[in-house]
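Q: Got a structure for you, written out below as structure tokens; questions coming shortly.
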Amino acid sequence: MVKILFILFIQSILVTYSQPMDLLIKGARVIDPKNNINAVMDIAIREGKIAEVAPAINKEAKRTIDATGLYATPGIIDIHGHYFFGTENAYLSNSFTALPPDGFTFRAGVTTVADAGGSGWRNFTQFKTQTIDHSKTRVFAFLNIVGSGMRGGAYEQNLADMDAKLTAMVAKQNAQYIIGIKLAHYSGHEWAPTERAVKAGELAGIPVMIDFGGGDPPLSMDTLLNHKLRPGDILTHCYAQVKGRMPLVENGKVQPFAFQAQKRGVILDVGHGATSFLFDQAIPAIKQGLKPNSISTDLHVGSMNAGMKDMLNVMSKLLNIGLSLDEVVRASTWTPAQVINHKELGNLSVGSPADIALLSLDKGNFGYLDSQGFRISGDQKLTCQMTVLNGEVVWDLNGLSGKSLK
């Protein structure tokens, strides 16, 4: 009996091995930071998973993509966007200023996003129903410490609606989707909102993302980064300079507390947005070694029609002001996957979800804007040629996956 079972087991392996791959991507330069790969490789996909990554895969496939001259990266992860779209005039909570993800993600190589605080514990279920359940994009959420979410104005100043226990409870009940706690836009001169957000994160075992500033006089950024936040917590808009917030770069010099915070494990996230990315912050910071841990868009109607545009534009901008392509890819894939505690994503390991961005690195004369309208010229620009999500081609700019018309 044991011998028969062993024979059947071997036969099942041989049958599986002999089956054609669902998709075979040939000849791309693979950049996979988790696995320290930066080389021309083939990628084989079967049943929505990475089956093999190797220099030359000579196996039958249902569909083969010639990706010669392109870069293949893990599917891009954008941990700061706004996707709680709806019909209310409520800023970024069930509002028309937020965006449905699928129309804006795949064309930029993005396969995974996190909504950054659009919903709170009171309306997360509505967000899940309206956005998560109706999106092909993989959608997670940072739950707002404000129970009613990011409705703007007085709603986000209401300390009575910042309940750490209820926020943590809903986060734990929805751990499949909620990957962090968000605090934003508070303009008072007290630490209570920060402390409640961190408490909720502690209770739920997840990180906190802080959009800090607005106090008059400003609260200490040093105190926030080195005394209030924990390793793994996130400061978004790291290259911003806005009213009511101490900048990380002052008079062209990175403030020492910023290096100290990053060294102790606080995550510096770009969160470009419409008003939160300045070249006179980012360029000296990067030159002096204060590089972002994660790259993100802060996508919403305002930012996509301003200097931000989309994820690849932000990545290209950073590529042109001092980050290497490897650093840009790492900060857009493997690092954010670790930040949100989803290490199955952001890599091309065998068995991982087959999320892939096929990118061209175009050479020319390109212009990039910051949030104050200042322009730089760059000679590099990333363009998404194809996006694969769970093994399915979901974006194909130039028909690489199509059949030739004879």
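Every residue, even glycine, has its Cβ placed from backbone N, Cα and C.
According to TrEMBL:
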type	residues	note
BINDING	H80, H82, K182, D298	Zn(2+) 1 binding site
MOD_RES	K182	N6-carboxylysine
BINDING	K182, H237	Zn(2+) 2 binding site
DOMAIN	282-394	domain 'Amidohydrolase-related'
Q: So, by DSSP, how many helix, strand and coil residues make up the domain 'Amidohydrolase-related' (282-394)?
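A: The composition, in the requested order, is 32 helix, 35 strand, 46 coil.
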Q: How many Å lie between the Cα of H80 (Zn(2+) 1 binding site) and the Cα of H237 (Zn(2+) 2 binding site)?
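A: Pair distance, Cα basis, whole Å: 10 Å.
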Q: H82 (Zn(2+) 1 binding site) to H237 (Zn(2+) 2 binding site): how many Å between their Cα atoms?
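A: About 14 Å separates the two Cα atoms.
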Q: Show which residues of the chain containing K182 (Zn(2+) 1 binding site), separated from it by at least 6 in sequence, have their CB under 8 Å from its CB.
A: A116, G117, F142, L143, N144, I145, M150, A197, V208, M209, I210, D211
Q: Whole-number answer please: how many Å between the C-alpha atoms of H237 (Zn(2+) 2 binding site) and D298 (Zn(2+) 1 binding site)?
A: 9
Q: I want to check the contact list for D298 (Zn(2+) 1 binding site): same chain, sequence separation of six or more, C-beta distance under 8 angstroms. What comes out?
A: H80, G81, H82, A116, T236, H237, G271, H272, G273, A274, S276, M308
Q: What does DSSP assign H237 (Zn(2+) 2 binding site), in three states?
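A: The residue in question, H237 (Zn(2+) 2 binding site), is coil (DSSP, three-state).
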Q: Given the recorded Zn(2+) 1 site (H80, H82, K182, D298), which additional residues of the same chain have their Cβ within 8 Å of the Cβ centre, ordered by sequence?
A: G81, L92, A114, D115, A116, G117, G118, F142, A184, M209, D211, T236, G271, G273, S296, L299, H300
